[in-house]
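In what follows, a single structure is set out as C-alpha coordinates and then discussed.
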(Lines of atoms letter the chains of each structure in order from A and count residues from 1; the text may use other names and numbers.)
(Lines give C-alpha, C1' and ligand atoms only; values in the text may rest on other atoms or scores of the structure.)
Protein backbone atom coordinates (compact mmCIF):
# COMPACT_ATOMS: atom_id res chain seq x y z
CA UNK A 1 0.00 0.00 0.00
CA UNK A 2 2.79 2.44 0.89
CA UNK A 3 4.50 1.76 -2.44
CA UNK A 4 1.26 2.37 -4.34
CA UNK A 5 0.98 5.71 -2.52
CA UNK A 6 4.39 7.00 -3.62
CA UNK A 7 4.35 5.52 -7.13
CA UNK A 8 1.31 7.61 -8.15
CA UNK A 9 1.82 10.64 -5.88
CA UNK A 10 3.01 12.85 -8.75
CA UNK A 11 -0.41 12.63 -10.43
CA UNK A 12 -1.59 15.56 -8.26
CA UNK A 13 1.73 16.87 -6.99
CA UNK A 14 3.07 17.80 -10.44
CA UNK A 15 -0.15 18.95 -12.09
CA UNK A 16 -0.02 22.08 -14.28
CA UNK A 17 -2.95 24.48 -13.72
CA UNK A 18 -4.02 27.26 -16.07
CA UNK A 19 -1.50 30.08 -16.17
CA UNK A 20 -0.54 33.30 -17.97
CA UNK A 21 2.43 35.61 -17.93
CA UNK A 22 2.91 37.78 -14.87
CA UNK A 23 2.66 41.58 -15.15
CA UNK A 24 4.61 44.45 -13.52
CA UNK A 25 1.80 46.10 -11.58
CA UNK A 26 -1.58 45.77 -9.93
CA UNK A 27 -4.57 44.78 -12.04
CA UNK A 28 -7.65 47.01 -12.04
CA UNK A 29 -9.78 45.09 -14.57
CA UNK A 30 -9.65 41.92 -16.66
CA UNK A 31 -11.29 41.19 -20.00
CA UNK A 32 -11.76 37.92 -21.85
CA UNK A 33 -13.95 38.31 -24.92
CA UNK A 34 -17.22 39.71 -23.50
CA UNK A 35 -16.47 38.75 -19.90
CA UNK A 36 -15.16 41.54 -17.71
CA UNK A 37 -13.96 40.95 -14.14
CA UNK A 38 -12.11 42.89 -11.48
CA UNK A 39 -9.37 40.27 -10.95
CA UNK A 40 -7.72 37.33 -12.69
CA UNK A 41 -9.08 34.92 -10.07
CA UNK A 42 -12.59 35.58 -11.39
CA UNK A 43 -11.72 35.00 -15.04
CA UNK A 44 -10.23 31.49 -14.83
CA UNK A 45 -13.61 29.75 -15.04
CA UNK A 46 -14.41 31.44 -18.35
CA UNK A 47 -10.92 31.00 -19.85
CA UNK A 48 -11.54 27.64 -21.49
CA UNK A 49 -8.90 27.72 -24.23
CA UNK A 50 -5.23 28.33 -23.50
CA UNK A 51 -4.73 29.47 -27.10
CA UNK A 52 -6.62 32.72 -26.38
CA UNK A 53 -5.13 35.68 -24.57
CA UNK A 54 -6.46 37.67 -21.61
CA UNK A 55 -6.54 41.49 -21.63
CA UNK A 56 -5.74 43.27 -18.36
CA UNK A 57 -5.62 46.94 -17.43
CA UNK A 58 -3.24 48.05 -14.69
CA UNK A 59 -3.89 50.75 -12.12
CA UNK A 60 -1.55 53.11 -14.00
CA UNK A 61 -3.64 52.72 -17.17
CA UNK A 62 -1.36 50.35 -19.12
CA UNK A 63 -3.14 47.64 -21.10
CA UNK A 64 -1.51 44.23 -21.61
CA UNK A 65 -2.39 41.09 -23.52
CA UNK A 66 -1.37 38.03 -21.53
CA UNK A 67 -0.59 34.68 -23.16
CA UNK A 68 0.85 31.61 -21.48
CA UNK A 69 4.45 32.14 -22.52
CA UNK A 70 4.52 35.79 -23.62
CA UNK A 71 2.85 39.15 -23.03
CA UNK A 72 2.25 42.18 -25.22
CA UNK A 73 1.87 45.83 -24.21
CA UNK A 74 -0.50 47.92 -26.29
CA UNK A 75 1.27 51.13 -27.28
CA UNK A 76 -1.63 53.48 -28.03
CA UNK A 77 -4.80 52.24 -26.45
CA UNK A 78 -6.98 54.13 -24.01
CA UNK A 79 -10.11 51.99 -24.14
CA UNK A 80 -10.23 48.48 -22.69
CA UNK A 81 -11.31 46.29 -25.61
CA UNK A 82 -10.55 42.69 -26.47
CA UNK A 83 -9.76 43.26 -30.15
CA UNK A 84 -6.82 45.55 -30.94
CA UNK A 85 -5.04 46.16 -34.25
CA UNK A 86 -2.54 48.80 -33.18
CA UNK A 87 1.13 48.51 -32.31
CA UNK A 88 2.26 46.12 -29.58
CA UNK A 89 5.52 45.48 -27.78
CA UNK A 90 6.04 41.78 -27.07
CA UNK A 91 7.94 40.70 -23.92
CA UNK A 92 8.96 37.43 -22.34
CA UNK A 93 7.57 36.35 -18.98
CA UNK A 94 10.29 38.06 -16.96
CA UNK A 95 7.87 38.84 -14.14
CA UNK A 96 7.00 35.22 -13.55
CA UNK A 97 3.59 33.65 -14.04
CA UNK A 98 0.08 33.93 -12.66
CA UNK A 99 -1.55 30.58 -11.87
CA UNK A 100 -5.11 29.43 -11.39
CA UNK A 101 -5.22 28.39 -7.73
CA UNK A 102 -8.94 27.63 -7.55
CA UNK A 103 -8.29 23.87 -7.69
CA UNK A 104 -4.67 23.49 -6.48
CA UNK A 105 -3.23 26.02 -4.09
CA UNK A 106 0.32 24.95 -4.90
CA UNK A 107 2.07 22.30 -6.99
CA UNK A 108 5.72 21.72 -7.81
CA UNK A 109 5.00 23.28 -11.21
CA UNK A 110 3.77 26.54 -9.67
CA UNK A 111 6.46 26.43 -6.98
CA UNK A 112 9.35 26.50 -9.46
CA UNK A 113 7.62 27.79 -12.64
CA UNK A 114 8.01 24.54 -14.58
CA UNK A 115 6.16 25.87 -17.63
CA UNK A 116 6.97 27.11 -21.13
CA UNK A 117 10.72 26.64 -21.75
CA UNK A 118 10.98 24.76 -18.40
CA UNK A 119 8.02 22.48 -19.09
CA UNK A 120 10.33 19.58 -19.93
CA UNK A 121 11.56 19.61 -16.34
CA UNK A 122 8.02 18.92 -15.12
CA UNK A 123 7.68 16.07 -17.61
CA UNK A 124 10.83 14.44 -16.21
CA UNK A 125 9.44 14.14 -12.67
CA UNK A 126 7.63 10.82 -13.14
CA UNK A 127 10.18 9.21 -15.55
CA UNK A 128 13.08 9.95 -13.18
CA UNK A 129 11.05 8.41 -10.36
CA UNK A 130 10.47 5.27 -12.43
CA UNK A 131 14.17 5.18 -13.28
CA UNK A 132 14.84 5.14 -9.55
CA UNK A 133 12.38 2.25 -9.30
CA UNK A 134 14.43 0.31 -11.84
CA UNK A 135 17.75 1.04 -10.13
CA UNK A 136 16.39 0.30 -6.67
CA UNK A 137 14.96 -3.05 -7.70
CA UNK A 138 18.35 -4.18 -8.99
CA UNK A 139 20.30 -2.91 -5.98
CA UNK A 140 18.01 -3.95 -3.15
CA UNK A 141 17.07 -7.23 -4.78
CA UNK A 142 20.73 -8.21 -4.67
CA UNK A 143 21.23 -6.82 -1.15
CA UNK A 144 18.22 -8.78 0.10
CA UNK A 145 19.84 -11.99 -1.14
CA UNK A 146 23.06 -11.12 0.68
CA UNK A 147 21.87 -9.55 3.95
CA UNK A 148 18.40 -11.01 4.31
CA UNK A 149 14.84 -9.90 3.72
CA UNK A 150 14.25 -8.62 7.24
CA UNK A 151 17.12 -6.11 7.27
CA UNK A 152 16.28 -4.76 3.82
CA UNK A 153 12.63 -4.34 4.79
CA UNK A 154 13.71 -2.44 7.90
CA UNK A 155 15.98 -0.14 5.90
CA UNK A 156 13.69 0.45 2.91
CA UNK A 157 10.55 1.03 5.00
CA UNK A 158 12.37 3.54 7.21
CA UNK A 159 14.01 5.11 4.16
CA UNK A 160 10.65 5.41 2.44
CA UNK A 161 9.26 7.40 5.37
CA UNK A 162 12.36 9.59 5.77
CA UNK A 163 12.76 10.40 2.07
CA UNK A 164 9.00 10.86 1.71
CA UNK A 165 9.06 13.58 4.38
CA UNK A 166 12.30 15.04 2.96
CA UNK A 167 10.68 15.54 -0.46
CA UNK A 168 8.23 18.01 1.10
CA UNK A 169 11.07 20.18 2.42
CA UNK A 170 13.22 20.39 -0.72
CA UNK A 171 14.04 23.98 -1.65
CA UNK A 172 14.60 23.68 -5.39
CA UNK A 173 13.67 21.48 -8.34
CA UNK A 174 16.94 19.58 -8.59
CA UNK A 175 17.05 18.58 -4.93
CA UNK A 176 13.39 17.58 -5.29
CA UNK A 177 14.21 15.24 -8.16
CA UNK A 178 17.23 13.76 -6.37
CA UNK A 179 15.32 13.03 -3.16
CA UNK A 180 12.40 11.62 -5.17
CA UNK A 181 14.88 9.38 -6.99
CA UNK A 182 16.14 8.05 -3.64
CA UNK A 183 12.54 7.62 -2.50
CA UNK A 184 11.84 5.61 -5.66
CA UNK A 185 14.87 3.38 -5.00
CA UNK A 186 13.85 2.44 -1.47
CA UNK A 187 10.17 2.10 -2.45
CA UNK A 188 11.12 -0.26 -5.25
CA UNK A 189 13.35 -2.29 -2.96
CA UNK A 190 10.58 -2.36 -0.37
CA UNK A 191 8.05 -3.71 -2.87
CA UNK A 192 10.41 -6.33 -4.30
CA UNK A 193 11.34 -7.66 -0.87
CA UNK A 194 7.69 -7.58 0.24
CA UNK A 195 6.81 -9.88 -2.67
CA UNK A 196 9.66 -12.19 -1.78
CA UNK A 197 8.84 -12.14 1.92
CA UNK A 198 5.15 -12.94 1.46
CA UNK A 199 5.85 -15.71 -1.03
CA UNK A 200 8.49 -17.38 1.11
CA UNK A 201 6.15 -17.52 4.10
CA UNK A 202 2.98 -18.66 2.33
CA UNK A 203 2.32 -22.28 1.40
CA UNK A 204 2.00 -23.50 -2.18
CA UNK A 205 -1.81 -23.79 -2.11
CA UNK A 206 -2.34 -20.15 -1.17
CA UNK A 207 0.68 -18.60 -2.87
CA UNK A 208 -1.17 -17.34 -5.95
CA UNK A 209 -3.86 -15.65 -3.88
CA UNK A 210 -1.29 -14.21 -1.47
CA UNK A 211 0.70 -12.61 -4.31
CA UNK A 212 -2.52 -11.15 -5.71
CA UNK A 213 -3.23 -9.63 -2.29
CA UNK A 214 0.03 -7.68 -2.59
CA UNK A 215 -1.12 -6.34 -5.97
CA UNK A 216 -4.53 -5.50 -4.48
CA UNK A 217 -3.09 -3.45 -1.62
CA UNK A 218 -0.88 -1.59 -4.10
CA UNK A 219 -4.16 -0.58 -5.77
CA UNK A 220 -5.52 0.53 -2.38
CA UNK A 221 -2.48 2.81 -2.12
CA UNK A 222 -3.61 4.47 -5.37
CA UNK A 223 -7.04 4.99 -3.80
CA UNK A 224 -5.36 6.65 -0.80
CA UNK A 225 -3.60 9.06 -3.19
CA UNK A 226 -6.96 10.06 -4.66
CA UNK A 227 -8.45 10.63 -1.20
CA UNK A 228 -5.53 12.69 0.13
CA UNK A 229 -5.35 14.66 -3.14
CA UNK A 230 -9.01 15.57 -2.74
CA UNK A 231 -8.53 16.74 0.86
CA UNK A 232 -5.15 18.51 0.58
CA UNK A 233 -4.42 20.95 -2.26
CA UNK A 234 -0.91 22.17 -1.31
CA UNK A 235 1.77 19.86 -2.72
CA UNK A 236 4.20 19.76 0.23
CA UNK A 237 1.41 19.24 2.78
CA UNK A 238 -0.04 16.59 0.46
CA UNK A 239 3.37 14.85 0.37
CA UNK A 240 3.67 14.92 4.16
CA UNK A 241 0.23 13.39 4.64
CA UNK A 242 1.02 10.63 2.13
CA UNK A 243 4.30 9.89 3.92
CA UNK A 244 2.63 9.82 7.34
CA UNK A 245 0.17 7.30 5.92
CA UNK A 246 3.12 4.92 5.40
CA UNK A 247 4.31 5.19 9.03
CA UNK A 248 2.35 2.15 10.32
CA UNK A 249 4.15 -0.08 7.82
CA UNK A 250 7.51 1.11 9.14
CA UNK A 251 6.52 0.03 12.65
CA UNK A 252 5.20 -3.32 11.41
CA UNK A 253 8.44 -4.23 9.62
CA UNK A 254 10.40 -4.25 12.87
CA UNK A 255 8.22 -7.05 14.23
CA UNK A 256 8.74 -9.45 11.32
CA UNK A 257 11.15 -12.42 11.56
CA UNK A 258 13.60 -13.51 8.86
CA UNK A 259 12.30 -16.03 6.33
CA UNK A 260 13.32 -19.69 6.74
CA UNK A 261 14.29 -19.91 3.05
CA UNK A 262 16.96 -17.23 3.38
CA UNK A 263 18.22 -18.66 6.68
CA UNK A 264 18.55 -22.09 5.06
CA UNK A 265 20.35 -20.63 2.04
CA UNK A 266 22.84 -19.04 4.47
CA UNK A 267 23.15 -22.37 6.35
CA UNK A 268 21.80 -20.80 9.55
CA UNK A 269 19.89 -23.98 10.35
CA UNK A 270 19.29 -23.35 14.05
CA UNK A 271 17.72 -19.93 13.34
CA UNK A 272 15.61 -21.44 10.57
CA UNK A 273 14.41 -24.18 12.91
CA UNK A 274 13.31 -21.56 15.46
CA UNK A 275 11.20 -19.76 12.86
CA UNK A 276 9.71 -23.06 11.67
CA UNK A 277 8.85 -24.02 15.23
CA UNK A 278 7.12 -20.65 15.72
CA UNK A 279 5.11 -21.22 12.54
CA UNK A 280 4.16 -24.68 13.80
CA UNK A 281 2.89 -23.27 17.10
CA UNK A 282 0.77 -20.65 15.33
CA UNK A 283 -0.72 -23.29 13.05
CA UNK A 284 -1.12 -25.80 15.90
CA UNK A 285 1.06 -28.43 14.22
CA UNK A 286 2.11 -31.09 16.71
CA UNK A 287 5.03 -32.41 14.63
CA UNK A 288 6.81 -29.44 13.04
CA UNK A 289 9.10 -29.84 10.05
CA UNK A 290 12.73 -30.62 10.85
CA UNK A 291 15.41 -28.84 8.88
CA UNK A 292 17.43 -32.03 8.66
CA UNK A 293 14.49 -33.82 7.02
CA UNK A 294 13.86 -30.93 4.60
CA UNK A 295 17.42 -31.09 3.34
CA UNK A 296 17.79 -34.85 3.37
CA UNK A 297 17.56 -34.82 -0.43
CA UNK A 298 20.74 -32.78 -0.69
CA UNK A 299 22.74 -34.02 2.29
CA UNK A 300 24.02 -37.48 3.05
CA UNK A 301 23.71 -37.09 6.79
CA UNK A 302 21.81 -34.96 9.29
CA UNK A 303 22.33 -31.23 9.24
CA UNK A 304 24.31 -29.86 12.10
CA UNK A 305 25.52 -26.48 13.25
CA UNK A 306 26.17 -23.92 10.56
CA UNK A 307 28.27 -25.98 8.17
CA UNK A 308 27.02 -27.18 4.83
CA UNK A 309 28.09 -29.83 2.40
CA UNK A 310 30.94 -28.23 0.54
CA UNK A 311 31.77 -31.36 -1.41
CA UNK A 312 28.76 -31.10 -3.71
CA UNK A 313 29.72 -30.24 -7.28
CA UNK A 314 29.02 -26.66 -8.18
CA UNK A 315 26.23 -26.10 -10.66
CA UNK A 316 26.95 -24.63 -14.07
CA UNK A 317 26.49 -20.88 -14.18
CA UNK A 318 23.82 -19.66 -16.59
CA UNK A 319 23.38 -16.27 -18.19
CA UNK A 320 20.88 -14.33 -20.28
CA UNK A 321 21.96 -16.11 -23.47
CA UNK A 322 20.44 -19.33 -22.16
CA UNK A 323 17.03 -17.71 -22.67
CA UNK A 324 17.82 -17.76 -26.41
CA UNK A 325 19.42 -21.22 -26.64
CA UNK A 326 17.17 -22.24 -29.55
CA UNK A 327 14.40 -20.77 -31.67
CA UNK A 328 11.57 -22.09 -29.50
CA UNK A 329 12.95 -20.80 -26.21
CA UNK A 330 13.99 -17.51 -27.86
CA UNK A 331 10.49 -16.99 -29.24
CA UNK A 332 9.07 -17.74 -25.81
CA UNK A 333 11.43 -15.24 -24.19
CA UNK A 334 10.61 -12.44 -26.64
CA UNK A 335 6.87 -13.00 -26.14
CA UNK A 336 7.14 -13.06 -22.35
CA UNK A 337 9.26 -9.90 -22.32
CA UNK A 338 6.73 -8.16 -24.55
CA UNK A 339 3.87 -9.12 -22.23
CA UNK A 340 5.80 -7.82 -19.21
CA UNK A 341 6.50 -4.53 -21.01
CA UNK A 342 2.93 -4.17 -22.29
CA UNK A 343 1.40 -4.93 -18.90
CA UNK A 344 3.46 -2.26 -17.16
CA UNK A 345 3.00 0.27 -19.98
CA UNK A 346 -0.77 -0.18 -20.03
CA UNK A 347 -1.05 -0.17 -16.24
CA UNK A 348 0.64 3.21 -15.87
CA UNK A 349 -0.83 4.81 -19.00
CA UNK A 350 -4.35 4.13 -17.73
CA UNK A 351 -3.43 5.23 -14.18
CA UNK A 352 -1.54 8.42 -15.09
CA UNK A 353 -4.13 9.41 -17.72
CA UNK A 354 -7.03 9.14 -15.30
CA UNK A 355 -6.77 12.81 -14.26
CA UNK A 356 -7.19 13.90 -17.90
CA UNK A 357 -10.46 12.06 -18.56
CA UNK A 358 -12.74 14.94 -17.59
CA UNK A 359 -15.11 15.10 -14.69
CA UNK A 360 -13.76 14.74 -11.16
CA UNK A 361 -10.10 13.72 -11.46
CA UNK A 362 -9.97 12.53 -7.83
CA UNK A 363 -12.91 10.20 -8.35
CA UNK A 364 -11.37 9.01 -11.63
CA UNK A 365 -8.11 7.97 -9.95
CA UNK A 366 -10.00 6.37 -7.07
CA UNK A 367 -12.06 4.26 -9.49
CA UNK A 368 -8.97 3.35 -11.53
CA UNK A 369 -7.46 1.94 -8.33
CA UNK A 370 -10.68 0.31 -7.14
CA UNK A 371 -11.23 -1.57 -10.41
CA UNK A 372 -8.02 -3.51 -9.78
CA UNK A 373 -9.45 -5.29 -6.75
CA UNK A 374 -11.92 -7.50 -8.67
CA UNK A 375 -9.50 -7.97 -11.57
CA UNK A 376 -7.06 -9.91 -9.38
CA UNK A 377 -9.85 -12.19 -8.18
CA UNK A 378 -10.74 -12.88 -11.82
CA UNK A 379 -7.05 -13.51 -12.58
CA UNK A 380 -6.77 -16.11 -9.80
CA UNK A 381 -9.98 -17.89 -10.80
CA UNK A 382 -9.04 -17.81 -14.48
CA UNK A 383 -5.56 -19.20 -13.85
CA UNK A 384 -6.94 -22.10 -11.83
CA UNK A 385 -9.95 -22.91 -14.04
CA UNK A 386 -9.05 -21.91 -17.62
CA UNK A 387 -5.28 -21.97 -17.49
CA UNK A 388 -2.57 -19.34 -17.67
CA UNK A 389 -2.45 -18.87 -21.45
CA UNK A 390 -6.21 -19.11 -21.94
CA UNK A 391 -6.70 -16.31 -19.41
CA UNK A 392 -3.87 -14.12 -20.65
CA UNK A 393 -4.78 -14.09 -24.36
CA UNK A 394 -8.40 -12.88 -24.16
CA UNK A 395 -7.63 -10.13 -21.66
CA UNK A 396 -4.70 -8.80 -23.71
CA UNK A 397 -6.82 -8.71 -26.85
CA UNK A 398 -9.76 -7.25 -24.90
CA UNK A 399 -7.57 -4.41 -23.62
CA UNK A 400 -6.52 -3.66 -27.22
CA UNK A 401 -10.17 -3.58 -28.35
CA UNK A 402 -11.08 -1.27 -25.48
CA UNK A 403 -8.31 1.13 -26.48
CA UNK A 404 -9.80 1.28 -29.99
CA UNK A 405 -13.33 1.66 -28.60
CA UNK A 406 -12.34 4.67 -26.48
CA UNK A 407 -11.18 6.48 -29.62
CA UNK A 408 -14.71 6.38 -31.05
CA UNK A 409 -16.46 7.66 -27.92
CA UNK A 410 -17.39 11.37 -28.26
CA UNK A 411 -15.46 13.57 -25.86
CA UNK A 412 -18.68 14.90 -24.35
CA UNK A 413 -19.57 11.45 -22.95
CA UNK A 414 -17.36 11.73 -19.85
CA UNK A 415 -19.05 8.94 -17.91
CA UNK A 416 -18.75 6.51 -20.82
CA UNK A 417 -15.08 7.42 -21.32
CA UNK A 418 -14.32 6.84 -17.64
CA UNK A 419 -16.10 3.48 -17.65
CA UNK A 420 -14.21 2.42 -20.79
CA UNK A 421 -10.88 3.40 -19.20
CA UNK A 422 -11.79 1.41 -16.09
CA UNK A 423 -12.53 -1.59 -18.31
CA UNK A 424 -9.16 -1.13 -20.01
CA UNK A 425 -7.37 -0.93 -16.66
CA UNK A 426 -9.28 -4.04 -15.53
CA UNK A 427 -8.28 -6.12 -18.55
CA UNK A 428 -4.63 -5.06 -18.56
CA UNK A 429 -4.55 -5.60 -14.77
CA UNK A 430 -5.59 -9.25 -15.17
CA UNK A 431 -2.79 -9.82 -17.69
CA UNK A 432 -0.29 -7.94 -15.53
CA UNK A 433 -1.27 -9.88 -12.43
CA UNK A 434 -0.71 -13.39 -13.81
CA UNK A 435 2.34 -12.99 -16.05
CA UNK A 436 4.97 -13.47 -13.31
CA UNK A 437 3.64 -16.87 -12.25
CA UNK A 438 3.21 -17.92 -15.89
CA UNK A 439 6.81 -16.91 -16.60
CA UNK A 440 8.09 -19.00 -13.67
CA UNK A 441 6.28 -22.04 -15.03
CA UNK A 442 7.47 -21.61 -18.62
CA UNK A 443 11.17 -21.95 -17.80
CA UNK A 444 13.22 -24.72 -16.20
CA UNK A 445 14.76 -24.57 -12.76
CA UNK A 446 18.25 -23.75 -14.01
CA UNK A 447 17.15 -20.43 -15.59
CA UNK A 448 13.80 -19.76 -13.88
CA UNK A 449 15.05 -16.98 -11.63
CA UNK A 450 16.91 -15.44 -14.55
CA UNK A 451 13.78 -15.55 -16.73
CA UNK A 452 11.52 -13.91 -14.17
CA UNK A 453 14.19 -11.37 -13.26
CA UNK A 454 14.70 -10.34 -16.88
CA UNK A 455 10.94 -10.10 -17.38
CA UNK A 456 10.67 -7.92 -14.31
CA UNK A 457 13.32 -5.63 -15.80
CA UNK A 458 11.22 -5.26 -18.94
CA UNK A 459 8.31 -4.40 -16.68
CA UNK A 460 10.28 -1.55 -15.18
CA UNK A 461 11.34 -0.33 -18.61
CA UNK A 462 7.65 -0.11 -19.43
CA UNK A 463 7.03 1.96 -16.30
CA UNK A 464 9.80 4.38 -17.35
CA UNK A 465 8.37 4.72 -20.88
CA UNK A 466 4.74 5.14 -19.71
CA UNK A 467 4.97 8.82 -18.59
CA UNK A 468 6.49 9.81 -21.95
CA UNK A 469 3.71 7.88 -23.65
CA UNK A 470 1.11 9.88 -21.69
CA UNK A 471 2.77 13.14 -22.77
CA UNK A 472 2.06 12.21 -26.40
CA UNK A 473 -1.51 13.39 -25.74
CA UNK A 474 -0.21 16.81 -26.79
CA UNK A 475 0.51 15.36 -30.25
CA UNK A 476 -2.79 13.48 -30.53
CA UNK A 477 -5.18 12.91 -27.67
CA UNK A 478 -5.50 9.19 -28.46
CA UNK A 479 -1.82 8.50 -29.14
CA UNK A 480 -1.16 6.78 -25.73
CA UNK A 481 -4.19 4.51 -26.20
CA UNK A 482 -3.13 3.69 -29.75
CA UNK A 483 0.34 2.61 -28.62
CA UNK A 484 -1.01 0.52 -25.72
CA UNK A 485 -3.60 -1.05 -28.02
CA UNK A 486 -1.02 -2.02 -30.63
CA UNK A 487 1.30 -3.51 -28.01
CA UNK A 488 -1.54 -5.40 -26.31
CA UNK A 489 -2.82 -6.83 -29.61
CA UNK A 490 0.68 -7.90 -30.66
CA UNK A 491 1.31 -9.47 -27.24
CA UNK A 492 -2.02 -11.32 -27.34
CA UNK A 493 -1.32 -12.77 -30.79
CA UNK A 494 2.19 -13.91 -29.86
CA UNK A 495 0.92 -15.44 -26.61
CA UNK A 496 -1.07 -17.93 -28.68
CA UNK A 497 2.23 -19.66 -29.47
CA UNK A 498 3.08 -20.14 -25.79
CA UNK A 499 2.36 -23.53 -24.19
CA UNK A 500 -0.18 -24.00 -21.42
CA UNK A 501 1.38 -24.82 -18.04
CA UNK A 502 -1.70 -25.44 -15.87
CA UNK A 503 -1.40 -28.81 -14.14
CA UNK A 504 2.00 -29.58 -15.64
CA UNK A 505 5.07 -30.34 -13.51
CA UNK A 506 7.90 -27.86 -13.34
CA UNK A 507 10.76 -28.56 -15.73
CA UNK A 508 14.37 -28.92 -14.68
CA UNK A 509 16.30 -28.61 -17.96
CA UNK A 510 16.07 -26.53 -21.12
CA UNK A 511 15.29 -29.71 -23.06
CA UNK A 512 12.24 -30.41 -20.91
CA UNK A 513 11.10 -26.78 -21.22
CA UNK A 514 11.36 -27.01 -25.00
CA UNK A 515 9.27 -30.18 -25.05
CA UNK A 516 6.44 -28.38 -23.24
CA UNK A 517 5.87 -26.48 -26.46
CA UNK A 518 5.66 -29.79 -28.41
CA UNK A 519 8.88 -29.02 -30.20
CA UNK A 520 11.30 -31.65 -31.41
CA UNK A 521 14.44 -29.56 -31.46
CA UNK A 522 16.30 -29.52 -28.16
CA UNK A 523 18.95 -27.26 -26.81
CA UNK A 524 22.43 -28.27 -27.83
CA UNK A 525 23.61 -28.58 -24.24
CA UNK A 526 22.13 -31.11 -21.84
CA UNK A 527 22.14 -29.85 -18.31
CA UNK A 528 21.32 -32.37 -15.57
CA UNK A 529 18.91 -31.20 -12.91
CA UNK A 530 20.72 -29.87 -9.90
CA UNK A 531 18.01 -31.05 -7.56
CA UNK A 532 14.91 -33.13 -7.72
CA UNK A 533 11.66 -33.98 -6.00
CA UNK A 534 9.97 -31.96 -3.31
CA UNK A 535 13.09 -30.08 -2.26
CA UNK A 536 13.53 -28.75 -5.81
CA UNK A 537 10.04 -27.32 -5.96
CA UNK A 538 10.30 -25.89 -2.47
CA UNK A 539 13.68 -24.24 -2.86
CA UNK A 540 13.98 -23.41 -6.57
CA UNK A 541 10.47 -22.69 -7.79
CA UNK A 542 9.52 -20.59 -4.82
CA UNK A 543 12.88 -18.98 -4.16
CA UNK A 544 13.18 -15.23 -3.84
CA UNK A 545 14.00 -14.32 -7.42
CA UNK A 546 10.98 -16.02 -8.94
CA UNK A 547 8.62 -13.61 -7.29
CA UNK A 548 10.55 -10.38 -7.59
CA UNK A 549 7.95 -8.89 -9.85
CA UNK A 550 7.01 -5.31 -9.38
CA UNK A 551 4.49 -2.76 -10.47
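Even glycines carry a Cβ here, placed using N, Cα and C.
As annotated in TrEMBL, transmembrane segment covers the listed stretch 334-350 rather than the other ranges in 300-316, 317-333, 334-350. Range annotated as transmembrane segment by TrEMBL, chosen from 261-281, 450-470: 450-470. At the 8 Å Cβ cutoff, the transmembrane segment (210-230) and the transmembrane segment (415-438) share at least 3 close pairs (sequence separation 6 or more) and count as touching. Residues of the same chain lying 6 or more positions beyond the ends of the transmembrane segment (334-350) and with a Cβ under 8 Å from any Cβ of it are 130, 368, 392, 396, 399, 421, 424-425, 428-429, 431-432, 435, 438-439, 442, 451, 454-456, 458-463, 465-467, 469-470, 480-481, 483-484, 487-488, 490-491, 494-495, 497-498, 551.
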